[in-house]
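Just below is one structure, and these are the notes that go with it.
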Amino acid sequence: MTETREERRFAEVPRESIKLMAESAGVELGDDVAAMLAEDVCYRLREATQNSSQFMRHAKRRKLTVEDFNRALRWSNTETICGYGAQDALPFRPLKEGELFFVEDREVNLVELALATNIPKGCAETMVRVHVSYLDGKGNLEPQGTVPSAVQSLSDDLLKYYQQITRAILGEDPHLMKVALLDLQSNSKIAALLPYFVYVISGVKSVSHDLDQLNRLLHMVKSLVQNPYLYLGSYVRSLVSSVMYCILEPLAASINPLNDHWTLRDYAALLLSHIFWTHGDLVSGLYHQILLSLQKVLSDPVRPLCSHYGAVVGLHALGWKAVERVLYPHLPAYWANLQAVLDDYSVSNAQVKADGHKVYGAILVAVERLLKMKAVSLSASAEGGAAALQGSVGGMMGFRESSPGLSPPPEPLSEPPLGIASHLQAGGAGCQWEEWTPVSLPDMYCELYSFFGDSLAVRFSTGPALGGAPSATPIQSSDTRKEPGSGAANLESTRKMPQLTANMNISPRQDGSPRTEPAPPSLATAPGRLGGAPKRKKGGQSRDIFPKARFPPPQVGPPAFSFLIGGRQMGRRCQGRRFQTSFTPTPSLTSLPPRAYAHKLPVIGRVSKPVRRWTCSHYSLYLPL
Amino acid sequence: MAAVQDGGSEPEGEKEPQPELPSDGSSAPAATPASKPEEQQQQQQQTLLAVLQFLKRNKLIESVDALRREAGLADEPDEAPGSEAGGGVGGAAAGSADSADASALLSRVAGAAQSGAASAPCNISFSSIVLFIVLSVGGEDQPDVSVVLSAYSQQGDPSLYQVYYSGLKKFIESVLDCHRAELSQLFYPLFVHMYLELVYNNHESEAKAFFEKFSGDQECYYQDDLRVLSGLTKKEHMKGNETLLDFRTSKFVLRISRDSYQLLKRHLQERQNNQIWNIIQEHLYIDIFDGMPRSKSQIDSMSGSLAGEARREANKAKVFYGLLKEPEIEVPLDDEDEEAENEEGKPKKKKPKKDSMGSKSKKQDPNAPQQNRIPLPELKDSDKLDKIMYMKEATKRIRLGPETLPSICFYTFLNVYQGLTAVDFTDDSSLIAGGFADSTVRVWSVTPKKLRKVKSAADLSLIDKESDDVLERIMDEKTASESKILYGHSGPVYGVSFSPDRNYLLSSSEDGTVRLWSLQTFTCLVAYKGHNYPVWDTQFSPYGYYFVSGGHDRVARLWATDHYQPLRMFAGHLGDITCTRFHPNSNYVATGSADRTIRLWDVLNGHCVRVFTGHKGPIHSLAFSPNGKYLASGSTDGRVLLWDLGHGLMIGELKGHTDTVYALKFSRDGEILASGSMDNTVRLWDAFKAFDDVETDDFTAATGHIHLPDNSQELLLGTYLTKATPVIHLHFTRRNLLLAAGSYNSQ
């Protein structure tokens with residue numbers, strides 16, 4: 001056989017198959033007979049195929065069907081083949097052991113089929129529709145050939161279900177709503193309706209004045225997300241954007257201070273994290289998109305405080321990594337704005353100030369968790385790194401503990417691993433994040449302490465420190481537990497922390513070195529304003545940050561200290577400096593603008609120009625969106 | 001009616017079926033039992049006996065009885081051959097005796113029986129039939145196929161075939177350019193015949209090598225045939241392979257100028273290349289003409305069919321392509337119409353127009369056939385009313401042209417699950433019928449008027465027959481619905497056609513029958529049996545009463561609705577007949593075939609009067625221009641070709657479609673040609689210009705060589721996309737609105 005040609009043009013039946021067939025029929029075939037038969041079978045197959053194609057052509061189809069083939073067989077007086085009339089594709093499977101290939105033949109449980117309650121509805125009636133496609137040979141008035149409206153392709157039952165469900169959820173009756181939501185959560189046959197529900201949910205934008213409706217829609221999202229039978233696919237994006245809307249937008253409902261839109265935002269944030277953890281893998285890059293939009297809101301001082309609140313809550317919900325990534329670096333910049341709001345005691349500012357406190361609280365919670373989780377994860381990784389001293393149990397526990405805070409597992413690591421701390425950077429894809437480098441825990445603590453003062457420290461100590469993994473991190477816990485002591489203890493502990501970092505492979509110097517480049521402008525301002533710093537003391541009530549923040553690092557003397565901190569931070573956090581100084585020198589300046597803007601409602605005053613400049617310069621590089 | 005019958009039955013007896021049905025493979029029961037007949041009468045009797053035997057074997061007792069009665073045969077003689085055959089041929093092997101054979105014979109017997117009964121002399125007028133009889137007589141003890149194939153048994157040295165072929169190839173490549181194109185035509189038929197000879201003589205490996213080496217040289221439009229050939233590598237395969245038998249039974253026709261032919265002849269004689277010379281002598285028909293050799297493009301435009309080009313004399317017969325004179329009908333100017341005209345502000349315009357029409361119809365078109373050339377049914381009152389309606393509508397017709405293109409309405413069939421196979425509109429666009437793969441025919445009313453059945457007989461008897469609205473009263477209001485389903489076929493329905501008076505519907509199906517349905521009762525009236533193989537298309541004559549059908553058996557049949565047997569059988573195609581169309585004057589029938597030719601048949605005498613070659617794929621659509629002068633044809637290669645019937649020439653090629661053209665229709669005035677295709681587009685072509693360009697040319701009708709202007713782009717007036725709906729039918733309403741139909745294909 002000149003196989004080259006034959007193979008190129010036709011499928012071929014090997015003689016082995018013929019032999020097997022013969023064997024199964026109880027006949028032994030010689031090689032030559034099998035070869036002859038195989039060739040003839042091939043020829044007959046080709047002939048039948050050619051004959052069948054004319055049935056296809058006359059049926060005005062492009063697809064050759066089993067029926068066409070059977071007709072060709074029938075007209076050549078050959079028995080037809082049965083059992084292949086179904087529309088679905090037939091999987092052709094190989095069997096390794098016997099070198100067999102066969103069409104899978106599933107068993108059908110007739111009893112089940114007969115007793116099934118969901119009897120498929122009959123096919124829709126054949127009908128003719130007419131419309132003018134082209135008038136006077138011009139213009140397509142209507143895209144031809146579409147089934148009139150997508151909704152019509154749904155069966156009546158589904159349509160009814162859809163109407164009932166939406167009515168129940170958006171209606172007044174809370175009980176009905178609960179039932180509907182429960183069903184939505186567990187119904188396995190609503191896949192066809194998913195686009196419609198998603199569409200309904202995207203209506204959040206039109207009901208932003210109605211907290212109740214927003215809440216219901218969010219519940220709907222939750223039900224859909226929890227439904228195990230639904231494959232959300234790319235609808236995740238749409239759902240996320242609806243939820244994000246609830247988190248971030250200055251909803252019309254929030255104009256009235258009596259409306260508790262905060263809870264809504266909290267709930268939405270929780271939902272966001274839930275969607276993200278359960279369905280984040282469906283859409284690539286989702287994590288980054290979310291982070292970016294949160295970051296954008298946070299760094300936009302024009303946004304109202306409730307938006308900022310949403311951003312913080314959202315970051316918090318996404319895990320401590322997100323907080324570390326986005327919130328922490330922005331905190332110094334943001335702090336200035338927040339401080340300005342909080343420091344404004346005018347009556348007109350009261351509402352804004354109350355909002356500010358909300359944000360403050362949210363940040364505090366987020367930051368605390370960040371510190372705790374970081375400590376836990378560091379200890380866990382340290383343990384792991386140190387040849388798992390505590391044995392597998394401890395390591396496992398530590399990892400498990402830290403896992404919720406980690407970035408989503410499905411996000412692929414695009415950066416090459418950088419030492420032990422590399423896993424902390426999971427999800428660090430995209431150029432926006434390249435500049436980000438982890439800050440050591442003590443540094444972080446120092447800085448955060450500088451903002452929050454004792455309120456941070458106290459919370460840190462009294463809270464369930466280190467989560468549920470104290471046993472796994474005995475060394476760290478003992479260290480950190482010393483912190484909540486008196487000022488002296490604080491001093492000591494902070495002094496110790498750099499030593500800890502040495503264990504942890506993240507040296508502060510490494511941290512600082514890349515950040516020194518853009519220093520000059522802020523450096524210039526920093527020393528000048530430093531002089532005003534002491535004045536700040538009288539202003540700070542609950543957070544008299546300044547004195548406590550000044551832990552004299554061991555290497556330098558007190559006078560140079562503040563300067564050095566500035567130096568250490570100036571690269572990336574030069575604004576941190578400025579923040580420290582900016583409170584004091586211009587109290588009038590900070591307090592005045594908010595008052596001026598107060599009547600414009602939740603807008604935070606665009607306080608200090610430097611902040612904005614930083615924002616611009618920094619972000620123009622950061623967000624090449 | 002009586003006249004019609006007479007006219008019908010006389011040629012029926014005269015015209016015998018062309019029995020060259022090469023598909024019959026195994027046994028020819030006609031031949032087995034008979035001793036050599038000396039006379040034709042006897043021969044027929046033998047045939048008859050064979051058929052009886054066949055019928056018996058297949059337990060068709062009733063038919064046997066009927067036949068016997070009709071033929072007046074005694075029982076005794078048919079017993080003997082029956083048993084003989086039963087013993088001679090194994091039951092199982094003979095059981096599947098080809099039904100094509102049977103069908104041909106059956107109808108043949110019918111013809112013979114009738115002529116015998118009328119004791120009319122059996123004047124067989126067609127040489128092909130004589131030829132067949134001789135053939136079947138000669139090859140008595142062998143199946144036909146072997147006879148046909150045995151011509152290949154001549155032996156040459158198989159290893160030299162390649163040398164012969166490449167020698168010729170070298171020669172042709174070395175000749176002058178002007179001759180090269182012409183002589184290149186030889187390549188394909190020679191290649192095929194040499195290959196088949198090799199295969200027939202069991203030189204399998206040589207055949208494969210030969211194919212491998214030279215198949216690449218063949219023209220691309222022969223690809224489909226080559227694919228069939230390449231699969232065929234054994235002598236056994238040759239039996240029953242239709243393509244091959246087509247090749248063998250028909251001589252491949254080449255048209256070569258005298259100079260080129262002399263060149264070739266001299267070369268072959270010099271080289272003593274007998275092998276090739278034999279093939280040329282035996283299997284090719286070289287049509288030599290005097291004059292300039294044709295160019296490559298000229299040759300390419302005409303070649304491509306299964307059996308080469310048409311012979312020149314095949315298109316010499318006169319064709320009366322003119323239209324019949326319209327009967328003069330007084331168009332009553334009823335009041336409402338007058339008012340309508342008044343509103344439009346041109347009441348006077350109507351009169352002169354009508355007069356002009358009247359005067360035109362009085363003059364006899366010199367190209368038109370005699371009014372009574374074939375008997376046509378008389379007009380009924382209702383037909384006259386319809387004619388009046390038609391004329392009224394015609395006055396409101398939009399005159400189309402390149403500037404004023406028609407509006408297009410699309411009728412989309414939804415939820416048919418790939419099952420729509422055929423569509424037809426009534427002439428007045430009030431009904432639409434669809435044929436489906438599930439064997440049903442569905443009829444929809446396009447107008448608000450619902451479809452109603454006639455009441456049952458019991459109810460009808462209660463009606464006051466004298467009342468004025470009796471026609472309204474006989475309808476059963478309870479049955480009114482938008483659509484009706486007609487059940488009866490047992491296979492996909494491939495063709496549907498409304499009668500011009502809208503009372504009947506024809507459908508042809510894979511089950512081998514054509515069915516006539518009443519649109520009054522929505523029941524089946526007749527099932528016309530005769531094809532025995534899938535019937536691909538059917539169409540009513542524009543005057544009703546007659547209809548034509550064609551199918552897989554390669555024979556087109558002309559029927560009258562009141563005869564259960566065909567009046568004419570048009571045999572000659574080498575492939576399935578894929579579409580059939582009546583000429584507007586009802587005197588001719590055009591058939592398109594899978595052998596890539598179009599034939600025009602004379603209804604009066606059954607002659608083939610035109611053979612058109614040039615398509616490179618099976619033809620799936622045909623359309624006559626309203627003036628009867630031209631024919632348009634569309635094929636699977638996406639091209640539309642235009643033909644002049646009078647001269648028998650190709651006059652245009654419309655390129656643009658990318659898939660099979662399933663629908664063609666001229667606008668009512670013939671200015672626009674609309675084509676619909678599988679590629680989801682409707683295209684409009686400037687037919688007026690296409691014909692005009694040619695007509696102004698000085699026809700080289702004598703030689704038949706024309707230069708086709710490549711002006712498809714200029715002629716294309718518009719391309720109109722559907723979303724995902726192949727266009728399978730087109731129809732111009734009486735006012736020149738274009739209706740298109742297809743089924744939505746949601747994939």
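The first residue you see is number 1, and the count goes up from there.
Here the Cβ of each residue, glycine as well, is placed from N, Cα and C on the backbone.
TrEMBL: automatically predicted annotations, no manual curation.
Under the heading compositional bias 'Low complexity', TrEMBL lists B:22-46.
Per TrEMBL, the feature compositional bias 'Gly residues' maps to B:84-93.
Sequence annotations record features per position, and here TrEMBL assigns compositional bias 'Acidic residues' to B:331-342.
Look at TrEMBL and you will find B:354-365 tagged as compositional bias 'Basic and acidic residues'.
Per TrEMBL, domain 'TFIID subunit TAF5 NTD2' is recorded for B:156-284.
According to TrEMBL, the feature region 'Disordered' maps to B:1-46 (among others).
Here TrEMBL flags B:72-94 (among others) as region 'Disordered'.
As annotated by TrEMBL, region 'Disordered' applies to B:331-379 (among others).
Annotation comment: TrEMBL describes B:420-454 (among others) as repeat 'WD'. Residue counts for the repeat 'WD' (B:420-454) under DSSP, helix first, then strand, then coil, are 0 helix, 21 strand, 14 coil.
Mean per-residue pLDDT, taken over the repeat 'WD' (B:486-527), amounts to 93. The repeat 'WD' annotation in TrEMBL covers B:486-527 (among others).
Here the repeat 'WD' (B:528-569) has, by DSSP, the following mix of helix, strand and coil residues: 0 helix, 22 strand, 20 coil. The repeat 'WD' annotation in TrEMBL covers B:528-569 (among others).
Within the same chain, residues 11, 15, 17-18, 20, 128, 242, 246, 249-250, 304-307, 310-311, 314-315, 317-324, 368-369, 373-374, 376, 536-543, 546, 548-552, 554-558, 617-624, 626-628, 631, 633, 635, 643, 645, 648 sit at least 6 positions outside the repeat 'WD' (B:570-611) and bring their C-beta atoms closer than 8 Å to a C-beta of that stretch. Residues or ranges marked as repeat 'WD' in TrEMBL: B:570-611 (among others).
Annotated repeat 'WD' per TrEMBL: B:612-645 (among others), in sequence order. Among residues of the same chain six or more beyond the repeat 'WD' (B:612-645), those with a C-beta under 8 A of the stretch's C-beta atoms are 221, 224, 301-305, 308-310, 315, 319, 321-323, 367, 575-576, 578-585, 588, 590-594, 596-600, 651-670, 673, 675, 677, 679, 685, 687, 690-691, 694.
Residues 394, 397, 399-402, 405-406, 408, 617, 620-627, 632-636, 638-642, 712, 714-732, 734, 736, 738, 740, 742 of the same chain lie 6 or more positions beyond the ends of the repeat 'WD' (B:654-686) yet place their CB under 8 Å from a CB of it. Annotation comment: TrEMBL describes B:654-686 (among others) as repeat 'WD'.
Counting residues 6+ beyond its ends, the repeat 'WD' (B:486-527) has Cβ neighbours under 8 Å at 380, 382-383, 386, 421-428, 430-431, 433-443, 451, 453-454, 533-540, 542-544, 547, 549, 551, 559, 561, 564 in the same chain. Residues of the same chain lying 6 or more positions beyond the ends of the repeat 'WD' (B:420-454) and with a Cβ under 8 Å from any Cβ of it are 386, 389-390, 393, 411, 413, 460, 474-477, 479-498, 500, 502, 505, 507, 509, 511, 517, 519-522, 728-729, 731, 733-734, 737, 739, 741-743. Taking H, G and I as helix, E and B as strand and the rest as coil, DSSP gives the repeat 'WD' (B:612-645) the counts 0 helix, 19 strand, 15 coil.
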